[in-house]
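Going by TrEMBL, these are the annotated features:
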| type | residues | note |
| --- | --- | --- |
| DOMAIN | 7-116 | domain 'BTB' |
| REGION | 124-144 | region 'Disordered' |
| TRANSMEM | 163-188 | transmembrane segment |
| TRANSMEM | 215-235 | transmembrane segment |
| TRANSMEM | 247-269 | transmembrane segment |
| TRANSMEM | 289-309 | transmembrane segment |
| TRANSMEM | 316-337 | transmembrane segment |
| TRANSMEM | 349-369 | transmembrane segment |
| TRANSMEM | 381-405 | transmembrane segment |
């Protein structure tokens with residue numbers, strides 16, 4: 001410390017005094033306290049604290065003393081929890097003042113803070129590096145252009161960030177719904193009648209289908225999705241990261257089949273040999289079902305599902321391993337008991353282990369179609385054990401997946417509430 005006298009300093013926080021040596025303040029975990037070490041004058045000190053006593057070398061902070069006591073416990077022991085009977089947002093405000101963030105809280109308290117913020121739609125931004133008196137008013141070169149790109153990016157990526165983003169999200173949802181209605185209607189018998197035509201008629205129908213109302217609607221929807229994808233790619237910060245994102249991959253899977261089918265229709269022409277690609281065209285058109293997943297951009301529930309699967313892939317793999325091991329054991333035993341042993345009755349449904357695997361799957365998942373079932377007494381006993389084992393094995397990883405789902409939901413809900421707050425400010429302005 002370059003200001004003050006004496007080997008130690010005293011922090012007075014709400015009437016509670018804490019004494020520290022000068023060297024401790026240099027690397028103190030609390031950012032506001034460590035800033036005292038670099039103060040050169042009394043004016044610099046008063047920018048950090050509320051008052052200063054030169055005689056006693058005491059620094060006064062008009063803050064919550066009990067909250068600072070819990071923060072000091074974090075400094076000493078590494079665990080930060082909420083003060084009992086104190087508002088979570090008030091304690092979080094104290095944390096930000098001293099230079100801590102929500103990530104420093106223990107996991108249970110982080111969930112409480114997220115719930116509280118989601119309910120009140122309140123967001124406390126962290127202190128910016130240039131947020132002090134010296135940095136206020138300074139803007140680096142090109143700040144206006146980056147601000148415009150960031151606003152465009154939020155408009156396309158965060159549906160609740162502004163009024164324009166909500167309008168854009170609503171239009172995109174309408175296009176998805178219309179495209180799904182057209183896809184479902186195209187499978188009706190009245191729409192599928194042209195499939196019974198001859199090869200030449202089918203070729204002419206394929207070429208003219210784009211000019212029909214359904215083809216026009218499909219082309220308009222594809223045009224909207226393509227333009228939306230191109231704009232989001234242009235305004236993205238990292239182009240490589242943009243291509244790797246799951247939702248963007250889904251967009252490409254939903255858009256690409258249309259252009260492939262159009263190109264195949266153009267190049268096949270009247271060639272009867274290439275008309276065999278009609279099956280491929282139907283498969284490509286049916287891939288439009290991926291458009292439904294595009295709704296994940298606008299609904300927290302689908303985003304939560306995707307984020308949970310991403311974070312719980314280990315638990316999902318563990319669940320699949322449990323099922324595969326149990327399936328191997330029970331399918332082998334059921335084939336042996338029902339068909340392998342000479343007990344006078346042979347069940348043809350269990351002629352092989354692969355055939356018995358189907359019975360094991362529907363039994364462990366408690367679906368029980370009844371298309372095949374054991375007829376011997378040992379086989380029925382084994383079936384009961386298989387059903388009970390399936391319930392237990394499926395229930396074991398569910399707890400981890402459930403907790404991850406709740407955490408992901410709170411995170412996404414809090415982020416949506418944060419952008420809703422900025423939307424409310426936009427309305428007020």
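Glycine residues also receive a Cβ, built from the backbone N, Cα and C atoms like all the rest.
Nobody curates TrEMBL annotations by hand; they come from automatic prediction.
Keep in mind that what you see is a predicted model, and the values were worked out from it rather than measured.
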Contact between the transmembrane segment (289-309) and the transmembrane segment (349-369) (at least 3 Cβ pairs under 8 Å, separation 6+): no
Reported mean pLDDT - the domain 'BTB' (7-116): 84
The domain 'BTB' (7-116) - residue tally per DSSP class, helix then strand then coil: 57 helix, 19 strand, 34 coil
Cβ contacts under 8 Å made by the transmembrane segment (316-337) with residues that lie 6+ beyond its boundaries: 309, 350-357, 359-361, 363-364, 374, 376, 378-379, 382-383, 385-386, 389-390, 393-394, 396-397, 401
